[in-house]
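Participant: My structure is below; once you've seen it, I'll send some questions.
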Amino acid sequence: MRLSRSHTPFVLLLLVVVVVVAPAVSADVAVLRTDYYQKTCPDFNKIVREAVLTKQSQQPTTAAGTLRLFFHDCFLEGCDASVLIATNSFNKAERDDDLNDSLPGDAFDIVNRIKTALELSCPGVVSCADILAQATRDLVTMVGGPYFDVKLGRKDGLESKAHKVRGNVPMPNQTVHDIHGMFKKNGFSLREMVALSGAHTIGFSHCKEFSDRLYGSKADPEINPRFATALKELCKNHTVDDTIAAFNDVMTPGKFDNMYFKNLKRGLGLLASDHLLIKDNSTKPFVELYATDEKAFFEDFARAMEKLGTVGVKGDGEGEVRRRCDHFNNLNV
């Protein structure tokens, strides 16, 4: 499989009753709710749904790419669409850091398509951050994943710095402890981390991200032998063609299910960080649970995605509603 970044996607309560007058909420705090655009942009849900249906039909890996884009956005500076910003002469943006180099063009494209349609229907109302969140949910459900609520009202961030990416986005050669450190920093438990890792049931990874498991003296002997042989053949020219990629879930790559976890038990995990989930004693019980109980995985994944969508959201005083998703309204930023 050969992929072009510009055209083909990368194939990643507490209820308190207070008997006092509640304090005023600062304008800087984002108050999210599912019906946020009910009056200001009543066709919001319909426009997003129709756009993702068309795009996913044209490019079946759009769902995986958009899910990965959403994750990368939320884990750095919160869910504020900062990952969508294009680099200009004043600033090297997040999307152009090496760790984001393989983020798929089709994921950016679906957000831009939706933004264009919404600007015609309700100009200046819907943030790019909300578009990305809603599109991700609709695409996940479209490929068989669980439905989860998306609360809306995020504002788009005012900063996007490439140098901040490293250390905030997990890498495939990191330990479970290191990766969980990033999740914990954003408020996620170990169980939630494993559930969100199940996003690798769709999509794909480039050979450079797992080739060290295949060749030389450090080749991983725990990869399923037939799987390793096939990957070696697929990736033999990856040093001269860095677009070559393999599906994260070799069994059901286009369906959101619990096969990813079943694969880990068979030595069919693609990335080293995937394989570690079944080896590490702290995460192994969750892998085994999700491998045998898809309902439990779906429930945990849905809750974790709802939580992910609230990480670091910006309110009116901290962000804006961009006119274009790839540019700040102040072009000199």
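Each Cβ is built from the backbone N, Cα and C atoms, and glycine gets one as well.
As annotated in TrEMBL:
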ACT_SITE  His72  active site, proton acceptor
BINDING   Pro170  substrate binding site
BINDING   His200  heme b binding site
BINDING   Thr201, Asp249, Thr252, Asp257  Ca(2+) 2 binding site
DISULFID  Cys41-Cys122  disulfide bond
DISULFID  Cys74-Cys79  disulfide bond
DISULFID  Cys128-Cys325  disulfide bond
DISULFID  Cys207-Cys235  disulfide bond
SIGNAL    1-27  signal peptide
SITE      Arg68  site 'Transition state stabilizer'
Participant: Are any of Arg68, Cys74, Cys79, Cys128, Pro170, His200 (the recorded positions) within 10 Å of Asp249 (Ca(2+) 2 binding site) when you go C-alpha to C-alpha, and if so which?
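Facilitator: Close recorded positions: His200.
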Participant: Would you mind listing, in sequence order, the residues at least six apart from Thr201 (Ca(2+) 2 binding site) in the same chain with a Cβ closer than 8 Å to its Cβ?
Facilitator: Asn248, Asp249, Thr252, Lys255, Phe256, Asp257, Asn258, Met259, Tyr260
Participant: May I ask which of the recorded positions Cys74, Cys79, Cys128, Pro170, His200 is closest to Cys235 (disulfide bond) if we compare their C-alpha atoms?
Facilitator: His200
Participant: Nearest to Cys128 (disulfide bond) by Cα distance: which of the recorded positions His72, Pro170, His200 is it?
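Facilitator: In terms of Cα distance, Cys128 (disulfide bond) lies closest to His72.
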Participant: List the Cα distance (Å, whole number) between His72 (active site, proton acceptor) and the residue listed as 'substrate binding site'.
Facilitator: 9
Participant: Other Cβ atoms within 10 Å is the metric here; tell me which of the disulfide-bonded residues Cys122, Cys128, Cys207, Cys325 scores highest.
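Facilitator: Going through Cys122, Cys128, Cys207, Cys325 one by one, the largest Cβ count within 10 Å is at Cys128.
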Participant: Round to the nearest Å and give the CA-to-CA distance linking Cys207 (disulfide bond) with the residue listed as 'heme b binding site'.
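Facilitator: Here the two Cα atoms are 15 Å apart.
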Participant: Among the binding-site residues Asp249, Asp257, whose Cβ has the fewest other Cβ atoms within 10 Å?
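Facilitator: Selected from the binding-site residues Asp249, Asp257 on minimum Cβ neighbours within 10 Å: Asp257.
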Participant: Around the Ca(2+) 2 site formed by Thr201, Asp249, Thr252, Asp257, list the extra residues of the same chain whose Cβ is within 8 Å of the site's Cβ centroid.
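Facilitator: Once Thr201, Asp249, Thr252, Asp257 are set aside, the remaining close residues are Ile202, Met251, Pro253, Lys255, Phe256, Asn258, Met259, Tyr260, Asn263.
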Participant: Where the residue listed as 'heme b binding site' and Cys122 (disulfide bond) are concerned, what is their Cα separation in Å, rounded?
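Facilitator: Checking the Cα atoms of the residue listed as 'heme b binding site' and Cys122 (disulfide bond) gives a distance of 35 Å.
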Participant: Considering the disulfide-bonded residues Cys79, Cys235, which residue's Cβ sits among the greatest number of other Cβ atoms within 10 Å?
Facilitator: Cys79
Participant: Which of Cys41, Cys74 has the fewest nearby Cβ atoms, counting only those within 10 Å, among these disulfide-bonded residues?
Facilitator: Cys41
Participant: Could you give the Cα-Cα distance between Cys325 (disulfide bond) and Cys79 (disulfide bond), in whole Å?
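Facilitator: About 13 Å separates the two Cα atoms.
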Participant: Work through the disulfide-bonded residues one by one (Cys41, Cys74, Cys79, Cys122) and name whichever has its CA nearest to the CA of Arg68 (site 'Transition state stabilizer').
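Facilitator: Answer for the nearest of the disulfide-bonded residues: Cys74.
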